[in-house]
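Read through the structure below, which is laid out as structure tokens, and then see the notes.
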Amino acid sequence: MRLLECDNADGYRLTKALLDNNIPPYAILSHTWGSDEQEVNFEDINSGNGKAKTGYEKLQFCGKQAACDNIDYFWVDTCCIKKTSDPELSESLNSMFRWYGKARKCYVYLSDVEVVQNGVEQPQSMWEKRFRASRWFTRGWTLQELLAPISIEFFSRDCCRLGDRESLKLIIHEITGIAIEALQGVPLSKFSVDDRMKWAENRISTREEDAAYSLLGIFGVSMSVIYGEGKDKAFRRLNREIESNPDNPPSPDKRCLTDLFTTDPRKDKQRIEELKGGLLLKVYEWVFKNAEYQQWYNDQSNRLLWVRGDPGKGKTMLLCGIIDEIRISNNYALAYFFCQSNVDTINSAISVLRGLIYMLLDEQPSLIRHLQKEYEVPGKQLFEGINAWVALSNILKNILHDESLKPIILIIDALDECEKDMAKLLRLIVSSLTEFPRVKWLVSSRNWSEIEEALGPIEERTSLNLELNTHTVSIAVDWYVRDRVEKLARIKKNIKRNRKTVESYLLENANGTFLWVALVCQNLEELRFFTTSMLQDYYPRELDPLYERMLQQILNIKEHGVTKLCLQLIAIVIVAFRPITLCELACLIGSEIYLEEIIQLCGSFLIVRNQSIFFVHKSAKDFLLENAAETIFPNGIGKVNEKIFLNSIIEMSNILKENIYDLRHPGFPTNKVKQPDPDPLAYIRYSCTYWVNHFMGGNPPKTENHVQNNNKVYNFLTEHLLHWLEVMSLMENISGCIVAISSLENYISVEKAPELFAYIHDAKRFALYNRVGIEQAPLQIYCSALFFAPENSIIRKTFQKCIPSWIYKISRTRSSWSAALQTLEGHSGLVWSIAFSPDGTKVASGSNDKTIRLWDTATGESLQTFENHSSSVHSIAFSPDGTKVASGSIDLTIRLWDTATDESLQTFKGHSGSVLSIAFSPDGTKVASGSADKTIRLWDTVTGESLQTFEGHSSWVWSIVFSPDGTKVASGSADETIRLWDTVTGESLQTFKGHSGSVQSIVFSPDGTKVASGSDDETIRLWDTATGESLQTLKGHSDSVHSIVFSLDGTKVASGSDDKTIRLWDTATGESLQTLKGHSDWVHSIAFAFSPDGTKVASGSDDETIRLWDTATGESLQTFKGHSGSVQSIVFSPDGTKVASGSTNLTIRLWDTVTGESLQTLEGHSNSVWSIAFSPDSTKLASGSNDLTIRLWDTVTGESLQTLKGHSGLVASSIFEQYSISNHWIVEKSDGEVRNILWLPSDYRFSCIRFYKGIIAMGFSNGSIFFLKLENGNKFHII
């Protein structure tokens, strides 16, 4: 480091280079650079030629200001670094943050902010706008210059001091978005990588690499400076350094890539090449002279090459060679993927997309913005949910659309081994060729007709058929034979002695099949004894005979029981739903004895890689299933499934236990769990995931062991259900667990196993109700899930002893599960409308947050989010075939969405008021919409054309519905009428009058002869659609009727009302058959306070009353009445004799806690009173209001003593700081750590909450209060 100091000639000179331990106090300048010609550089200072440059003014300013602060030395980046020296420049850039941090003072010189006008210094109100717009806040390097210094002061161009970082922090926060805590000096390591990256994302640097280099100090890392490497490479290196720094939590990009990752195709390529003995140039170089390949590679209009051939013909190694050649040429960007049918992570269309996208993002990191946009809300679930294909295909398309992406080749090997959704993948490939002209595809597969059909429509595609290139392929195989025999000869003496014989036999019999050669050579390598006569006997020509011979080798093993064990092992690997590890195999087979040796004996069919077992080739598994099923499964596949199930149950019962990973506290989050070593779940991971599948596959109802196996399931679940749920949460697979439980419920017969069925049904309710909580923290199964379960829940009764001792109830929970099966959480605003898909598997919801969400009804998982409306979504409808969703919004539009692709298909515009209701016609070709503009419109779902506009209502149209035959539309309006319309002519056929309030809901009877309508007048009316006659008036509700529906046979109507009831009616007699009651009223408990001794709680409510409760019994002691508005705030006096309450009626009241008498009414606020507090001696009361004032009152006289003005928001106070609520969790703050302790299920989401010495009181929207207590006051048990 060099510093500037004054010389004797009124100029400046540079010190010699100083070491850190020899640096005097110095000031430092922060500024924005002008042009190189304007700035004073290192050479200018040494030559004394810089005074004429405009940048010299900044040096003079910094030197003079340092002198004023009694600092002799200062540093300016333009001239204190010798930029012609690359090592010095690199060291300086890496040291910059530290140098700014060690400066005694940092002066920010804002060359675009002037304060003095006409010789007068202007106040802040005059220069603040220019300050906010200063270029200094937009530059890359100035971010660290803002955050690193201990003391930083801002100056205008005319050298006027504007303030320091502390005095200007609020303005700087608003300009930059940087957290105020960071501006106050909180260590940057306390902020996430994501936050710090956001501070820099809109900043500009002259050299593109500086966007990364300027962040080195922000993240506490260093790296070499390589100008010319480009921004992407610089950021890639920066991210690697950030990830390796333990002080930096993972960046959002890193988290996103980690969650996207299933496999690295580059590692797969390396593995495949090593497995097959290496990649030989002679084996693949022929393809580059092949006419079909050259046509595809050189012709820009020829964008698909399909390499096709039978099993073992060398397609994969050929593609490996092509990949290397394309990589060397550097003419194209490149991403590739190798499918493998027996590996779950690489055998599906979704896996292919994840792999291709992963490679593209690693190659060009800036493309990750396309992924982050979709990933931000759903996180990892984006890649694993039921709509992962939709999300990933859209992301890939967005990446391929990106103009920064250079021409690219996408390669997929072994399409035929893409066992899941291959057809989708083929459709994507075909469609992309017309959509993305810069993309070429290279795919390989067997000669399958379905692949040929799918690729058939592509005009410009080339097929390279290996069977039609037998000569060149045979030459390649010959080279492969010679290479493999040479390697064998090096390690096997008997092969070396007979090398020419072995080589000749393989050359004569290979028949152009690489796999045949590989299998024979592998077998020869493993033979202890070999003679040339064995070649003919042991290694017949072609694959199937070779597999048959290898199977016979296993069958001929003489050691007792070994053949049986080999066949059992092969059977398990065939039946397994994914490749199993050696540990898992020991569990499934029920023995660890000699497993690796047994696998070696099956080596012709099986191979072990990374401790997992695979088939050597898909053709090996195909052979066994097609030609040896009776040998492998002598008692049928069902018996193998049963064995896996039984052994799984045994091992899981032995291993599963509460808190199996020894997590530190009950709220320990799943995403922070680290797998221990050794992992106690290593043996049973597969079993935990798939035991239900094997139970059902090996337990047909009429088999002899059916009842016995049912009992084993019952015994396992009654002992280990919670442990199993915990493990599935640890494995981030709660949705899979719920699906398994649902499958069990559907499989078990309620008549033959009523006890097991009831248990499983309750387990399903238990898991669905608590899914969100136990997904977030596995140990909440024992805390929140059990604690809040209904008293009569079978699961609660079974595991009552597992409820932690540190938490117990004062109030009682409900006795049984509510009618609500699930709570679907995800919207950030009110949900206005919902609709079931026709098959009942999905629910769509429209919300105030401007989005539509699609949910899985089985698991509660959020499948998709449709975003494009600019305002609240008020109405939702599914098309009859379930493939589309229509949404109506306050933004005046209707949108049509594809439920499979997430695509917005149409936007219907024409209404001049909010769209309040929508409906599909029965054939799905039309959509009707009702609006606040008093009209109904009919739309064509294909073209988006407006077909009809029905006019006649004199107020908002709240509800519409098509008749069953689609010829009519009924509409209900705020004008108190229902109208019937002809969908062809637009004619108004009938007007039904009789309601005395808005018509909120209408529905046709199944036969179309009747219409039922629900109204704000609290009634339901039945109408004859032919005559318009009112047939029945159904009375009984005490509030608006918002929803109605006919039974399938049309004999009953169900109605839902704001009176919190659902009623069932007889359509013939009008009789009320049943009333389903929910909440008794609509009272919001919104304010709470504990008495000083903790024995009482006061609660305030929307019903304008205050109630006093006994915290020990939950009993109501007093009701204070007198407010004429909602009670928003309550507090006890320190001596407990009084309660003060603040209300929306602008007043505060004082109450006597013994008599209930109103002692004082304090008036003076001009808006709602939200916060109140007593002075320690109870003689004064402070109140905070929406009128932005705090008032001080005398509690004896009621006099207003003082009014404090100037608050910019609501005045509120929090007395108890140790506990808080965050995202539906009760949180404990202790020793500087914040811990989630107890998750609150949907039924326990309160209107208000208070804590007092371990007692928690919660008030709810139905007017009830729930009390619970934590043991030993406020101490939570830490596991």
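Quick reminder: no glycine exception, Cβ is built from N, Cα and C everywhere.
In TrEMBL this protein carries:
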DOMAIN    303-455  domain 'NACHT'
REPEAT    824-865  repeat 'WD'
REPEAT    866-907  repeat 'WD'
REPEAT    908-949  repeat 'WD'
REPEAT    950-991  repeat 'WD'
REPEAT    992-1033  repeat 'WD'
REPEAT    1034-1075  repeat 'WD'
REPEAT    1076-1119  repeat 'WD'
REPEAT    1120-1161  repeat 'WD'
REPEAT    1162-1203  repeat 'WD'
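Summarised by DSSP class, the composition of the repeat 'WD' (1034-1075) is 0 helix, 24 strand, 18 coil. Counting residues 6+ beyond its ends, the repeat 'WD' (908-949) has Cβ neighbours under 8 Å at 874-881, 884, 886-890, 892-896, 955-962, 964-966, 969, 971, 973, 981, 983, 986 in the same chain. Restricting the average to the repeat 'WD' (866-907) gives a pLDDT of 87. Helix, strand and coil counts from DSSP across the repeat 'WD' (1162-1203) read 0 helix, 24 strand, 18 coil. With helix defined as DSSP H, G or I and strand as E or B, the repeat 'WD' (992-1033) counts 0 helix, 24 strand, 18 coil.
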